[in-house]
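Enquirer: Provided herewith is a single structure, encoded as structure tokens, for subsequent inquiry.
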Amino acid sequence: MYDPHLSPGAFLLPYLLMAVFGGVPLFYMELALGQFHHSGCISIWKHICPIFKGIGFAICIIALYIAFYYNTIMAWALYYLLSSFQSTLPWSTCTNSWNTANCNQYMSTDHNVTWSNTSTSPAEEFYVRQVLQVHRSPGLHQLGSVSWQLALCLLFIFTIVFFSIWKGVKTSGKVVWVTATFPYLVLLVLLIRGATLPGAWRGVVFYLKPDWEKLLSTTVWIDAAAQIFFSLGPGFGVLLAFASYNPFHNNCYKDALITSSVNCLTSFLSGFVIFTVLGYMAEMRQQDVDAVAKDAGPSLLFIIYAEAIANMPAATFFSIIFFLMIIMLGLDSTFAGLEGVITAVLDEYPHVLVKRREKFVFGLVCVCYLGALSTLTYGGAFVVKLFEEYATGPAVITVVLLEVIAVSWFYGTKRFCNDIQVMLGFYPGIFWRVCWVAICPCFLLFIIISFLAFPPEVRLFSYHYPLWTTALGYCIGVSSFICVPTYMIYCLIVTKGTFKQRLLKSITPVPSTNQHRDIIVTSAL
């Protein structure tokens, strides 16, 4: 959840504000839209504002980008999982073939071991030199060969994904009962174990203590918004897809409040799981917690947390359940993301693809695997970082901004609230209406402007991304939501009549029959 480099105490307030005034209202909005119109993220726009249909295509492209790199992180976790089935974890010692002369153990009982600025831990060398093999690539300009080990791991991951979603939400729903509940058991076990470690309190204090100066950093707010959107799902087509299968009078308002609350509490709990262990690491290393937590993103899991597990009693057991949990959490996200794309495309072309769902899903999974090949190279970690920075956060926030504008300003908040009243029997309160009309758009616009004005300095390990990669990153981000203006132009061209008539037709919604989903569910499932 948190980027420790940004100070977790400073992260909590933006995260909470983004959740209350941005994430939850948008979560509620998408659930209501999907449930009322029974459509995916592409076809739904003819019932809202046809000229904004490009938003649906943009959402699908973003979902594919995420599938290209996110599953690679699961492949890394699978590599760790398979490496855990031995009495001595391979990232706990410096006696392996991939280790260098700079390898030293922080936790070594050998008092003759000295740590210098050039020293590296065995966990870091296992991650960098054995799993990623990033030392074989000088940077994005020369990625190197594909790692066959990671290619096989990713193939296994996508095989699980295919057989979990190929028959539809009924099949994936059964799998999710396991992949969604098991992580909670593991989190509880890891929390209890972490709380009993020496120095755990130091991590908790660091986790909860606010750093008010960091609140002035736009990066904190952007990351908080990206985390909210990534965890709750607005802007990814997931909520629209799953809500479209709900009964028409299902209480999606209650679903939105309960689901988003559980999600945020789970994220908060996960912070304790992480930072109790970071406090333990700081105690053992005799360092400050912020020095231990300097690594962010996947490095926090695969270096810092992996090293902590390696030095615990019963290290093999904790390593197996931890990386199995990471894989299951990733699978849940992948199921949801791809189901959003599948539902959108099947709704848009029902008579062509509904009876060929299995073939379409197989082709989609193959495209995702081929698209991920660049992330499996020796320099693949550089590609993953580039996609993380530019293909998801800013792009999703831009798409969500366009979405809330289309619904609130073009479709109309009053019409939308009337739809909710027809479904649920009550009219949304003033808080929700103000959020949809004003607060959400202002928040989102502020974040986008801040990102453009103060772009992040991207680096990974010792590699600083050159200037041309920033341009490449912006191109990746723009390539998704460019669909919106492109489709607007297309819509105005193909619509018949004068320009005024074409414009009027393009913003006039087609009444929803609320029957389209029933046909698709019967055919597909």
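Positions of Cβ are set from backbone N, Cα and C atoms, glycine also.
Per TrEMBL, the features are:
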BINDING   SER231, ASN263, LEU329, ASP332, SER333  Na(+) binding site
DISULFID  CYS94-CYS103  disulfide bond
TRANSMEM  12-33  transmembrane segment
TRANSMEM  54-82  transmembrane segment
TRANSMEM  146-166  transmembrane segment
TRANSMEM  175-201  transmembrane segment
TRANSMEM  221-245  transmembrane segment
TRANSMEM  257-282  transmembrane segment
TRANSMEM  302-329  transmembrane segment
TRANSMEM  360-384  transmembrane segment
TRANSMEM  390-410  transmembrane segment
TRANSMEM  430-451  transmembrane segment
TRANSMEM  471-495  transmembrane segment
Enquirer: Measuring CB to CB from CYS103 (disulfide bond), give everything in the same chain under 8 Å that is also at least six residues away in sequence.
Expert: CYS94, SER119, THR120, SER121, PRO122, GLU125
Enquirer: In sequence order, which same-chain residues at least six apart have a C-beta under 8 angstroms from LEU329 (Na(+) binding site)?
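Expert: Non-local contacts for LEU329 (Na(+) binding site): THR179, PRO183.
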Enquirer: Compare 12-33, 257-282, 302-329, 360-384, 471-495 by their Cβ pairs under 8 Å to the transmembrane segment (146-166) and return the stretch that comes out on top.
Expert: 360-384
Enquirer: In the same chain, which residues outside the set SER231, ASN263, LEU329, ASP332, SER333 have their CB within 8 A of the centroid of the CB atoms that define the Na(+) site?
Expert: ALA336
Enquirer: The transmembrane segment (12-33) vs the transmembrane segment (302-329): three or more C-beta pairs under 8 Å (separation of 6 or more)?
Expert: no
Enquirer: Among 54-82, 221-245, 257-282, 302-329, 430-451, which stretch has the highest count of C-beta pairs below 8 Å with the transmembrane segment (471-495)?
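Expert: Looking at each of 54-82, 221-245, 257-282, 302-329, 430-451 in turn, the most contacts to the transmembrane segment (471-495) are made by 54-82.
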Enquirer: Only counting partners 6 or more residues apart, tell me which same-chain residues put their Cβ under 8 Å from the Cβ of ASP332 (Na(+) binding site).
Expert: VAL176, THR179, ALA180
Enquirer: Near ASN263 (Na(+) binding site), which residues of its chain come within a Cβ-Cβ distance under 8 Å, counting only those 6 or more away in sequence?
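Expert: When sequence neighbours closer than 6 are ignored, ASN263 (Na(+) binding site) has SER231, LEU232 within Cβ distance under 8 Å.
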Enquirer: Hey, does DSSP put CYS94 (disulfide bond) in a helix, a strand, or just coil?
Expert: coil
Enquirer: Under DSSP, is CYS103 (disulfide bond) helix, strand or coil?
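Expert: Looking at the DSSP assignment, CYS103 (disulfide bond) belongs to a strand.
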Enquirer: Between the transmembrane segment (221-245) and the stretches 54-82, 302-329, 390-410, 430-451, work out which stretch tops the count of Cβ pairs under 8 Å.
Expert: 390-410
Enquirer: Give me the non-local Cβ neighbours of SER333 (Na(+) binding site): same chain, 6+ apart in sequence, Cβ-Cβ under 8 Å, ordered along the sequence.
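Expert: Sequence-distant Cβ neighbours: TYR70.
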Enquirer: Taking contact to mean 3 or more CB pairs closer than 8 A (sequence separation of 6 or more), are the transmembrane segment (302-329) and the transmembrane segment (390-410) in contact?
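Expert: Stretch pair does not touch.
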